[in-house]
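Chemist: Encoded as structure tokens, here's the structure I'll be asking about.
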Amino acid sequence: DEEITCQENLPFTCGNTDALNSSSFSSDFIFGVASSAYQIEGTIGRGLNIWDGFTHRYPNKSGPDHGNGDTTCDSFSYWQKDIDVLDELNATGYRFSIAWSRIIPRGKRSRGVNEKGIDYYHGLISGLIKKGITPFVTLFHWDLPQTLQDEYEGFLDPQIIDDFKDYADLCFEEFGDSVKYWLTINQLYSVPTRGYGSALDAPGRCSPTVDPSCYAGNSSTEPYIVAHHQLLAHAKVVDLYRKNYTHQGGKIGPTMITRWFLPYNDTDRHSIAATERMKEFFLGWFMGPLTNGTYPQIMIDTVGERLPSFSPEESNLVKGSYDFLGLNYYFTQYAQPSPNPVNSTNHTAMMDAGAKLTYINASGHYIGPLFEKDKADSTDNIYYYPKGIYSVMDYFKNKYYNPLIYVTENGISTPGDENRNQSMLDYTRIDYLCSHLCFLNKVIKEKDVNVKGYLAWALGDNYEFNKGFTVRFGLSYIDWNNVTDRDLKKSGQWYQSFISP
């Protein structure tokens, strides 16, 4: 077998598309980009969702600039421009999400369907297919109809399971003949921990001692309940698809946010143990039920009665409820032991892993190049680790029975206060993307991991959760004073030549 060499740190030379390009991958491998509804569409023509509610109620949490998704890049009006970018990239895949409140404005299908919203997605999907671009469609990318949050606190209540199923049923009915890749819920870990634990995300529930501005919540218990209902809602939808829609010939699965974890001190058994706990609490929390029908034993032991349990029927429903996994990967962290003050009033579910996470290890070594600079405090800077994508893919193959995998997000931001010229010359993004693609190619070739596609985040600059417009993630540039155009940045031109060498 050929030995593939990938650099772990700067300066990267993988930007040379003569050496690394799409022909390094199998001929059926899909390359493209990703987006989500709240971040790109704008509010025109849809019902309110919890990100509308959250960003207006807590503008300081929506971004340092108080930015929100009210208009953003207005892809509701300019979706054809999005397709033009994909066409220019020669992309063969595009991941986007359907806004639940655009097609069912009041959350429950029984309250009526918005035909104009359905027409919007029909237009987008057929436009993609005309250009030979495969749609990857996310049903839920965090933008729950506000009515369902108001009525029963959304995923905190089991009522969500049937409402989500009815919404998915409508999507399969309308779009299933054209859509062959469905993603149920984006980043299963995120809404429970960020929406109901730290309250950094919508709906913004937490214990009063965690953040006094939270309108209600319990950061120690609610994340586990929300995660449990997400798993059941996901599984119910997969079951529906398999019972009623297999004739459409598509595949369905969840999206996981992944990280890799390394010991803060690799000679210290406590750091090593903390690292293993993080893998179970971050990945196993969802992959345990999805593969074995049960939560990891370490979680059962640690969380105790705060962790819901599955009935035998539920366990069977959740177990094996995916045809493929969408894996998002951005960075890796060092783990060291940290106390878990279960009985304190400011306890959160995220403390249960008993780990503190950093980007610098015991010997003062940074894990890799700068990912994102923290304006307020440089000790909060994030650093990235391209080899982490290799480790994550290898881990999923070995621990979770060699699943079919699509990388559904991978990308890096640049500062939003750069001028247009600086933003267009985004060489840091080329470094990030090419170094991860090198390690992705390496793990496929060396470990025979079943990865069949890579979708970079993001198609264009957009509203970033918690950051507003203070960062840019796009491979194409959007001028916030005139959002009609999307211009390929250097990284977009690089990706274009990577896809079509």
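Even glycines carry a Cβ here, placed using N, Cα and C.
In case it helps, Swiss-Prot gives these features for our protein:
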- E409: active site, nucleophile (ACT_SITE)
- Q39, H141, N186, Y330, W457, E464, F465: substrate binding site (BINDING)
- H56, D70: Zn(2+) binding site (BINDING)
- Q187, R259: L-ascorbate binding site (BINDING)
- C6-C438: disulfide bond (DISULFID)
- C14-C434: disulfide bond (DISULFID)
- C206-C214: disulfide bond (DISULFID)
- N21: N-linked glycosylation site (CARBOHYD)
- N60: N-linked glycosylation site (CARBOHYD)
- N90: N-linked glycosylation site (CARBOHYD)
- N218: N-linked glycosylation site (CARBOHYD)
- N244: N-linked glycosylation site (CARBOHYD)
- N265: N-linked glycosylation site (CARBOHYD)
- N292: N-linked glycosylation site (CARBOHYD)
- N343: N-linked glycosylation site (CARBOHYD)
- N346: N-linked glycosylation site (CARBOHYD)
- N361: N-linked glycosylation site (CARBOHYD)
- N482: N-linked glycosylation site (CARBOHYD)
Chemist: On the three-state reduction of DSSP, what should I expect for E464 (substrate binding site)?
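Modeler: For E464 (substrate binding site) - judged by DSSP and reduced to three states - the answer is strand.
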Chemist: Calculate the distance in Å between the alpha carbons (Cα) of Q39 (substrate binding site) and D70 (Zn(2+) binding site), and round it to a whole number.
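Modeler: Spelling it out, the Cα of Q39 (substrate binding site) and the Cα of D70 (Zn(2+) binding site) are 9 Å apart.
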Chemist: By CA-CA distance, flag whichever of H141, N343, W457 among the recorded positions is nearest to N218 (N-linked glycosylation site).
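Modeler: Nearest candidate: N343.
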Chemist: I need the CA-to-CA distance for D70 (Zn(2+) binding site) versus Y330 (substrate binding site), whole Å please.
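Modeler: Between the Cα atoms of D70 (Zn(2+) binding site) and Y330 (substrate binding site), the distance comes to 26 Å.
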Chemist: Output the one of N60, Q187, N361 that, of all these recorded positions, has the highest number of other Cβ atoms within 10 Å of its Cβ.
Modeler: Q187
Chemist: Whole-number answer please: how many Å between the C-alpha atoms of C206 (disulfide bond) and N244 (N-linked glycosylation site)?
Modeler: 38
Chemist: Which chain-mates of H141 (substrate binding site) that are at least 6 residues away have a CB under 8 A from its CB, listed by sequence?
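Modeler: In sequence order, S36, A37, Y38, S97, N186 meet the Cβ cut-off.
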Chemist: Of all the recorded positions here, N21, Q39, N90, N343, which one's CB has the most other CB atoms within 10 A?
Modeler: Q39
Chemist: Among the glycosylation sites listed here, N218, N244, N482, whose Cβ has the fewest other Cβ atoms inside 10 Å?
Modeler: N482
Chemist: For N346 (N-linked glycosylation site), write down the residues of its own chain that are at least 6 apart in sequence and whose Cβ falls under 8 Å from its Cβ; none is a fine answer.
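Modeler: Residues satisfying the criterion: S207, T209, V210, S219.
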